[in-house]
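Colleague: Before I ask anything, let me first share the structure, which is written out below as structure tokens.
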């Protein structure tokens, strides 16, 4: 679970990178569909599933909006993300393993876009936070 130190590190990092959330989301989602092409199946209803396409950009923005929500609900991710968990479990039917895949892509993008801010301490705290988000999103699958 997240310590107070982890929570503070995530909040501090988000305060520096949050204004770039749309770009992070686009790059992370674009990276995911290239590196893990099987994830494209969730977006087969889109006319264009290429990196940086309008649909990828829009969904990347939506994903990072969810991350911003999670930062604001960091003290109780399970309750704070319940609605998103229900949506992903019952409506979208996303395999929860994909949350971990996207988390990895988000970490890679943040590390390349913000090398100074992405210290080893920030890395471990953000990784733990994103793992907590994935766990909270998977809650309704049980």
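Cβ coordinates come from backbone N, Cα and C, glycine included.
From Swiss-Prot, for reference:
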- 59: O2 binding site (BINDING)
- 88: heme b binding site (BINDING)
- 1-142: domain 'Globin' (DOMAIN)
- 1: N-acetylserine (MOD_RES)
Colleague: For the residue listed as 'N-acetylserine', just give me the three-state DSSP call.
Modeller: coil
Colleague: Of all the binding-site residues given, 59, 88, which residue's CB has the most CB neighbours within 10 A?
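Modeller: When each Cβ's neighbours within 10 Å are tallied, 88 leads.
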Colleague: In sequence order, which residues at least six apart in the same chain have a CB under 8 Å from the CB of the residue listed as 'N-acetylserine'?
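Modeller: Within the chain, the residue listed as 'N-acetylserine' has Cβ neighbours under 8 Å at 132.
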Colleague: Between residue 59 (O2 binding site) and residue 88 (heme b binding site), find the distance joining the two CA atoms and give it rounded to the nearest Å.
Modeller: 14
